[in-house]
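Novice: Please see the structure below; I have some questions.
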Amino acid sequence: METKNQKNGNIVAETANNTFTPSDSYNTLLKGNRDWVQRQLDSDAEYFTKLAKGQSPEVLWIGCSDSRVPANEVTGTKPGEVFVHRNIANVCVHSDMNLLSVMDYAVNVLKVKHVIVAGHYGCGGVAAALTNKQFGLIDNWLRNIKDVYRLHSHELERITDHETKVNRLVELNVTEQVYNVCKTTIIQNAWKERSDLHVHGWVIDLKSGLVKDLKVSSSGSKSLGYVYEVEKAEAAH
Ligand SMILES: [Zn+2]
């Protein structure tokens, strides 16, 4: 059975078999949480009562797992305003059940109006995909970005500066992932029902904090290419 005690100002979790003394960074999280709760309550005593009632975000954010690009901070939004999915290098794989489940819930239940694929310059995942080194299991994930490279190799192989090449691949990766999102039956079926769903591609510049809109937004399946378009689903017999 777990108990929690205060010891020298730190929280110590004790179990029957071991004693876990958290590091400073761990305790910083807990203190940060208590401070955040207090700040919220100071500005609005009903803040958490309202937050607990439910969510109605209008945005689905598909971003990179990188610790420097949190959706709410980057966009100046609050808890409750952005539904979030993140993975390494913001890749949208058409058979990723995690992503598809998030997208289906966001589009069909929450009825979000905007899906934003958000990459960032200097992305470590994209940079790793430009090498031939093995990093482990992640190599199989990064294969998806190598496919983006192959699609755009004529352009990328003309770029000699490494940082410029990484950053151009970041932009092309976001563009291709926007395209992948649009190809899903989730988005295409939603477009048959409503016209207020838009898919966008962004890149965050970590050196300035500013977002670059890649202007690849889409709100219909016309530009998908015939082979990817799906017809309206027929009712099951
Ligand atoms: Zn990244």
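Here the Cβ of each residue, glycine as well, is placed from N, Cα and C on the backbone.
As annotated in TrEMBL:
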- Cys64, Asp66, His120, Cys123: Zn(2+) binding site (BINDING)
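Could you give the neighbours, burial and distances for every feature on this list?
Specialist: Listed in sequence order, Arg86, Asn87, Ile88, Ala89, Asn90, Ala118, Gly119, His120, Cys123, Gly125 are the same-chain residues six or more apart from Cys64 (Zn(2+) binding site) with CB atoms under 8 A from its CB.
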Novice: Among the binding-site residues Asp66, His120, Cys123, which residue has the fewest other Cβ atoms within 10 Å of its own Cβ?
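Specialist: Each of the binding-site residues Asp66, His120, Cys123 was scored; lowest Cβ tally within 10 Å is Asp66.
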Novice: For the recorded Zn(2+) site formed by Cys64, Asp66, His120, Cys123, name the remaining residues of the chain with Cβ within 8 Å of the site's Cβ center, in chain order.
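Specialist: Here the non-site neighbours turn out to be Gly63, Ser65, Arg68, Val69, Ala89, Asn90, Gly119, Gly122, Gly124, Gly125, Val126, Val170, Ile204.
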